[in-house]
Amino acid sequence: MIVNSMENLTSADRFILLGLTSTPYLQELCVLLILIIYLVTIGGNLLLIIVVGTSVQLQTPMYFFLCNLSVIDICFSSTIVPKLLINTVARDKSVSLLGCGVQMYFHLALGSTECIILSVMAYDRYAAICKPLHYYKLMNKRVCISLASGSWAVSLINSAIHVVFTFQLPFCRSNHLNHFFCEIPPFLYISCRDTWFNEVAMYISATLIGIGSFFFTLISYVYIVLTILKMCSSQGRIKTFSTCASHLTVVLLYYVTIMFMYLRPHLDYYPETSKTVSLIYTVLTPMLNPIIYSIRNGEVKSSIKNKLTIETLKKF
């Protein structure tokens, strides 16, 4: 028994991802839907980056952060979706220890960066709406670059710490992960060592980055709403409320799903529920972000129309 236990401890150099479902027709449906969502995600975010990069009128702090968000969404979705699609149709559903570690690192880093960037964007909107006279002083170029680079740096360091802690655990229960990508909670579930330290580290990180960013975002929007209520124009109030409601919907969807995954005991891990929740913030939200934050934006739509008109005229 001791020999078998030791073999199990040392042989976990590959993990089997069980994926979304084992039902063949559901697998085909999932591949089709997720592929469509992925293509829309890449197309929408690339379009936003190109439009902002080539339009002089969009060279503002808000669009600088939107481009950061688009880069995050493209990378975040690309870290998960291609491997998910391949694993769903392939016979060999295994992934190496290194491959799992790399996927987990970038998933955590990009997810954390998105949390912080969303709160920075909320602050940017607060500064623009509540402090319009001081906006370009509060959000000058140096401040914007510092906020963006700080978000990336904190997230990359945080992710490295969690990946190291996770892969120091022995995985002797099984090398089968009932999930569609390498995420921390399933690994804690298959570990045969007490994961108390890992859970505490995860809760601290999720509280500081997830809940901290969420409340900062919420507070910013409270001030924004109070400022909107003081506006004289009812049309202006309705328009701004509509924009804020759209933004908050995406923000809530992202933060709530992230906190659901990382702020509960690993003993309460329910694979099917977890897979659904993970799909929302890894596949669906990156598609919604460019649509809600940008494509519905009048300035972005105007820039896209101008670009298309210019290109059409050039052909004739």
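The chain as shown is numbered from 1 upward.
Yeah, the Cβs are placed from backbone N, Cα and C, and that goes for glycine too.
Just so it is clear, the model here is predicted, and its values are computed rather than measured.
As written in TrEMBL, here are the features:
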TRANSMEM  25-51  transmembrane segment
DOMAIN    44-293  domain 'G-protein coupled receptors family 1 profile'
TRANSMEM  63-85  transmembrane segment
TRANSMEM  105-123  transmembrane segment
TRANSMEM  143-165  transmembrane segment
TRANSMEM  203-229  transmembrane segment
TRANSMEM  241-264  transmembrane segment
TRANSMEM  276-295  transmembrane segment
(message) Does the structure show the transmembrane segment (241-264) and the transmembrane segment (105-123) touching, where I'm treating 3 or more Cβ pairs under 8 angstroms (sequence separation 6 or more) as a contact?
(response) yes
(message) Are there residues at least six beyond either end of the transmembrane segment (105-123) with Cβ under 8 Å to its Cβ atoms? List them, or say none.
(response) 62, 65-66, 68-69, 72-73, 75-76, 79-80, 147-148, 150-152, 154-156, 158-160, 162-163, 181-184, 205, 209-210, 212-214, 216-217, 220-221, 247, 251, 254-255, 258, 281-282, 293
